[in-house]
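Single-structure report; data block below.
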Amino acid sequence: MRIVLFGAPGVGKGTFAEILSKKENLKHINVGNILRNEIKKESNIGKEVQNVVRSGNLVSDSLIINIVHDEMKNILNKKYKGFILDGFPRNMYQSKELIKMTNIDLFVNIYLPRNILIKKLLGRRICNICDKNFNVSNIQQDSFDMPPILPSKDCIQCNGHTNLIKRKDDNEDIINHRLNSYESDYIPIIQFFKNEKYNLIDFPLRRGIRDFDDFYSILVNYRKNEKLK
């Protein structure tokens, strides 16, 4: 199973991908985490990426494509049943390169209104031990009910005892810049895959991670439909 998740920064696609990857034994290719690991290692790639992130811009197409291609090759040597792409493709050029690289079974566009996204992004945190993503925001507005996502004592690395770190690029000015860039890039991408009649499904969130069962039903229904063909 080869899945691509779309969604603006902070929508929660990484969390959904992580849960789905474990449930279905799929490799979670999280481009953002890969880049952050390179920064942490202070590699040449990491230094290049860090300069771009600090300015609030996006990393070059060629670098992203090479990273994704290498990750896909590594999957062939492991016992995964497929992969979930999270954070790729980011523009039309990357979309067309993806189609050349492999066949995708399902695209899912996870979305939230912009004002809710900003609140979520301002509350985003990273564990300084296990590097997992969490969120301290408690959003109770209109039909949205999204409590905080905090570390669990069941984590084998941090046991829930950790200092949560705020990303340097999670301030309101950079957040708005990134959302503007995302909307500019992704509206054409999503329309492209819809027009080309790929399997693309829109999935609106209301309760955050508690919407996962409905999200998972998309995959279940896809499999049922494929068996009927």
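For all residues, glycine too, the Cβ spot is worked out from N, Cα and C.
Among the candidates R2, R178, R206, the residue that Swiss-Prot annotates alongside R36, N57, L58, V59, G87, F88, P89, R90, Q94 as binding AMP is R178.
Taking Cβ pairs closer than 8 Å, the region 'NMP' (30-59) reaches residues 14, 17-18, 67-68, 71, 85-88, 90, 131, 168-169, 173-174, 177-178, 181 in its own chain, all 6 or more past its ends. Taking L58, G87, P89, Q94 as the binding-site residues under consideration, the smallest Cα distance to K13 (ribonucleoside 5'-triphosphate binding site) is found for G87. Across the fold, the C-alpha of G10 (ribonucleoside 5'-triphosphate binding site) and the C-alpha of L58 (AMP binding site) stand 15 Å from each other. R36 (AMP binding site) sits 14 Å from G14 (ribonucleoside 5'-triphosphate binding site), taking the C-alpha atoms as the reference points. Residue counts for the region 'LID' (123-170) under DSSP (helix as H, G, I; strand as E, B; rest coil) come to 0 helix, 16 strand, 32 coil. Ranking the binding-site residues V11, G12, G14, T15 by Cα distance from G87 (AMP binding site) puts G14 first.
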